[in-house]
Amino acid sequence: MNSKISEIRKNYSLSSLDIGDIGDDPISFFQKWFEEAVLSEVLEVNAMTLATATKDGKPNARIVLLKEILEDSFVFYTNYESKKGRELEENPRACLVFFWSELERQVRIEGGVKKVSREESNVYFHSRPRGSQIGAVVSPQSYEIPNRKFLEERFEEFSKLYEGKEVDLPNHWGGYAVHPNRIEFWQGRSSRLHDRIVFEKDTDSSWKKFRVAP
């Protein structure tokens, strides 16, 4: 092992997490932590790792952006024909991970995934910068392309095509909502004795919470 890598470590000491102070609704508590991260000016606070897997269990992960927190789900948008989209089609489960190093906090969210309505996707799509809208139309995400010029020429072609007109929401693009059945809140502590509080859904859809060892 590279000795320089093995010696990299940080002692966590900023805060603590007590099960009695966390409430009974994990999504509300997530919103509280998210707002604290915003106030702390965490860089790209809504960036999250999205882990998916094929139907035979081959995993993949990438960074995407959270775009909405609902009462029962977390929403992001992407190309439905991308690698992640194809995996979610055949295996509609995912894990989201947020790591806010400035606050020494991590949140892990596991659950089933469903597409949001086309109406919701359309509203968000047209809130994006125009260049991003056209980019979503022209990019065959995750598929091999000959070179960058291929993308640039398609972008120029469709920019002219849509000049003075609204960009249509492409059929291959839209949102997903992750409906959690397990959420874990992690707070870094000294000596690696971190605080980990887990919420899991019972069969009656209520949440139970408990502490797990770090």
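Every residue gets a Cβ built from N, Cα and C, even glycine.
Because the structure is a prediction, the values reported are computed rather than measured.
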Quick check: of K58, K67, which does Swiss-Prot put in the same substrate site as R9, K10, N11, Y12, Y124, R128, S132, R192, L193, H194? K67
The record names R9, K10, N11, Y12, K67, Y124, R128, S132, R192, L193, H194 as the residues that bind substrate; what is their largest Cα to Cα distance in Å? 43
N11 (substrate binding site) has how many other Cβ neighbours within 10 Å of its own Cβ? 10
Nearest to V64 (FMN binding site) in three-dimensional space, by Cα, is which of the binding-site residues R9, N11, R128? R128
So for R9 (substrate binding site), how many other CB atoms are inside 10 Å of its CB? 7
Between S142 (FMN binding site) and H194 (substrate binding site), how far is it from one CA atom to the other, in Å? 37
